[in-house]
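Undergrad: For reference, Swiss-Prot lists these features for the protein:
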ACT_SITE  Glu220  active site
BINDING   His219, His223  Zn(2+) binding site
Amino acid sequence: NSALWPVAGEAEVPFISCSASEFVELYVGMGASRVRDLFARAKKEAPSIIFIDEIDAVAKSRDGRFRIVSNDEREQTLNQLLTEMDGFDSNSAVIVLGATNRADVLDPALRRPGRFDRVVMVETPDRVGRQAILNVHVSKKELPLGDDVDLASIASMTTGFTGADLANLVNEAALLAGRQNKVVVEKIDFIHAVERSIAGIEKKTAKLQGSEKAVVARHEAGHAVVGTAVSKLLAGQPRVEKLSILPRSGRALGFTYTPS
């Protein structure tokens, strides 16, 4: 949903944001009242945009697996939301945006024509996008980087990371550098931060012993051999960058890292 925030600046109209969880209260009727107030404000300030974050908090399906108990506060709130959206005509100057990571549980009535007409899937950023996001957070924090830091390389190591993950990665790298009293954040700090995000924190007090270490070493070596063979046989496939048999807080006894 962070992808929607730039809309506030680009649209140059009032941007009214809220979280759907704010509508749900102990007292029945409060949620519906807040929805009415929200839409009344948007109409008064039209042209305007309403942004409802985590809309699944009040808009779960009323049928089947995700059924809402009848007369529940959430159902009244959802009904009011549907009523307000039906009240818009084609010339309405109010646009409603909703964000959720659980589109599968939303009530079908929410997706009917005249309500939420369009669905936009926001995927995790690609390598170019990740590099741009890293640049933003490094610049925003005025982070002093070492000469060996190449954000394009860091972006290649972070496949599948969201914008929030990348922001946390920059913070983690800065913390790791700070703990060692460094005056700049070096590439190794980013690498360790990536490893922590992917595999967890090293358990330095829980090292593998004897046959267990041998089994894990063979297992990870097998991953590395296959990964290396694939990278040589198929053009464009990444090579194995690192192996580890240090236990991690994520219950992994080791890992083989291959960036995309």
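Backbone N, Cα and C define each Cβ position, glycine as well.
The structure displayed is predicted, hence computed values, not measured ones.
A description of the local structural setting of each listed feature is requested, covering burial, neighbours and distances.
TA: Glu220 (active site) has a Cβ environment of 19 other Cβ atoms inside 10 Å.
His219 (Zn(2+) binding site) falls within a helical segment according to DSSP.
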Undergrad: Under 8 Å Cβ to Cβ from His223 (Zn(2+) binding site), same chain, six or more residues apart: give me those in sequence order, or none if nothing qualifies.
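TA: Expected: Val240, Leu243, Thr256.
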